[in-house]
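Note sheet for the following structure.
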Amino acid sequence: VLSPADKTNVKSTWDKIGGHAGEYGGEALERTFASFPTTKTYFPHFDLSHGSAQVKAHGKKVADALTNAVAHVDDLPGALSALSDLHAYKLRVDPVNFKLLSHCLLVTLACHHPAEFTPAVHASLDKFFSAVSTVLTSKYR
């Protein structure tokens with residue numbers, strides 16, 4: 001459960017990311033594919049090479065979904081219901097992949113914003129990404 005302090009940390013960090021969210025989403029997705037090659041199996045139709053326009057575009061979709069989740073942090077199930085359906089019923093993404101991408105998002109954000117990435121912010125973002133992952137996998141049960 002996200003505390004009020006966690007929500008503040010997540011919102012303020014996301015505000016600082018600003019217009020870079022799509023860029024960071026693409027970078028985190030590319031990092032996920034490089035670090036965890038099994039995640040590539042869901043994208044056989046993508047050019048997965050470094051700097052791929054398809055990876056960047058999908059990373060932007062991920063970032064846009066997270067931006068929506070930040071804006072609706074008090075109702076993540078409502079905000080992410082359609083994405084949960086998509087990933088559970090149509091794409092059938094293995095739930096572990098959300099944890100892997102979350103880790104790579106944390107690494108990417110820490111690389112770009114080291115001064116702001118305090119232990120408290122790290123913990124809050126980790127809890128937020130975990131909450132998002134939980135919602136996205138809730139329809140699997």
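Cβ from N, Cα, C; glycine included.
Quick look at what Swiss-Prot annotates:
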- 1-141: domain 'Globin' (DOMAIN)
- Ser3: phosphoserine (MOD_RES)
- Thr8: phosphothreonine (MOD_RES)
- Lys16: N6-acetyllysine (MOD_RES)
- Lys16: N6-succinyllysine (MOD_RES)
- Tyr24: phosphotyrosine (MOD_RES)
- Ser35: phosphoserine (MOD_RES)
- Lys40: N6-succinyllysine (MOD_RES)
- Ser49: phosphoserine (MOD_RES)
- His58: O2 binding site (BINDING)
- His87: heme b binding site (BINDING)
- Ser124: phosphoserine (MOD_RES)
- Thr134: phosphothreonine (MOD_RES)
- Thr137: phosphothreonine (MOD_RES)
- Ser138: phosphoserine (MOD_RES)
Given the model, what does the mean pLDDT over the domain 'Globin' (1-141) come out as?
94
If you compare CA-to-CA distances from Thr8 (phosphothreonine) to each of the recorded positions His58, His87, Thr137, which comes out shortest?
Thr137
For Thr137 (phosphothreonine): intrachain residues, at least 6 apart, with Cβ closer than 8 Å:
Ser84, His87, Ala88, Pro95, Phe98
Show me the subset of Ser3, Tyr24, Lys40, His58, Thr134, Ser138 whose Cα is within 10 Å of Ser124 (phosphoserine); these are the recorded positions I mean.
Ser3
Cβ-Cβ neighbours of Ser124 (phosphoserine) (radius 10 Å):
22
Just the number: how many Å between the Cα atoms of Ser35 (phosphoserine) and Thr134 (phosphothreonine)?
22
In the chain carrying the residue listed as 'O2 binding site', residues 6 or more apart in sequence that have Cβ under 8 angstroms from it:
Gly26, Leu29, Phe43, Phe46
CB neighbours of Lys40 (N6-succinyllysine) within 10 A?
13
Most Cβ neighbours inside 10 Å, all chains, among the recorded positions Lys16, His87:
His87
Cα-Cα separation of Thr134 (phosphothreonine) and Lys40 (N6-succinyllysine), in Å?
21
Please report how many Å separate the Cα atom of the residue listed as 'phosphotyrosine' from that of Ser49 (phosphoserine), as a whole number.
16
